[in-house]
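Enquirer: Taken from TrEMBL, the feature domain 'Exoribonuclease phosphorolytic' covers 32-166, 196-261.
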């Protein structure tokens, strides 16, 4: 993961400020940086989104392809995640430098979406045991400015909200065989219900307090972080500890409560902006990569 080197004096400055609930950029301990969200930014995908969180820049594309259901779940579709850490994001990702981080992020996304309530995977089934929709979720890290997991989870939810899957029908033909018919209307599609898709909240322990949405400088002062996934209703679905340091039970409980509170606000703000953007329809001005 991208990192910065701070002197002892700089670390003391950051830590002492956080103890007074005043961070270097003026935020409080439970405040996020400004988040920019734009959907439908990649034309050859079923859904896409770009999220900028401070200096962290994430692009997510979702491609729906027809495939065969898994043997253990013959009446469900499924999601596949791939994370690409671009060398443009940080020199540390050159060569195969970003592979370990990409695998860690992908495994975390698999854990979050392994919860049956996250997405109705049965709605992705076309013909049990034979055909289903597979959603390939590709995540590209364009720039790293701290708090990668949170930004990626927001981008994935926004991209899934934007995803449109073609509507198909299964027709019975001669001798009991079946044929799949694709609708001629490009606007005849199904949308995913992302209400229960969780967002990741990363809480970094710095000194005696914890902060959300840590910058690279703050991450350099933190020995341990708690990563939790929270639904829009404040339900905690997954938890993971990052870093070499330890967390005492009281701190973990406090961080969980903070994460649930902050997560509900994040979900509400994200859904509001997604609904507003969609209401503009074709009249909205696309920013893309030139804005």
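Cβ atoms here come from the backbone N, Cα and C positions, even for glycine.
A TrEMBL annotation is a machine prediction, not a hand-curated record.
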Enquirer: Of the residues in the domain 'Exoribonuclease phosphorolytic' (196-261), how many are helix, strand and coil by DSSP?
Expert: 18 helix, 26 strand, 22 coil
Enquirer: What average pLDDT does the predicted model assign to the domain 'Exoribonuclease phosphorolytic' (32-166)?
Expert: 90
Enquirer: Please work out the helix, strand and coil residue numbers for the domain 'Exoribonuclease phosphorolytic' (32-166) from the DSSP assignment.
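Expert: The domain 'Exoribonuclease phosphorolytic' (32-166) comes out at 37 helix, 51 strand, 47 coil.
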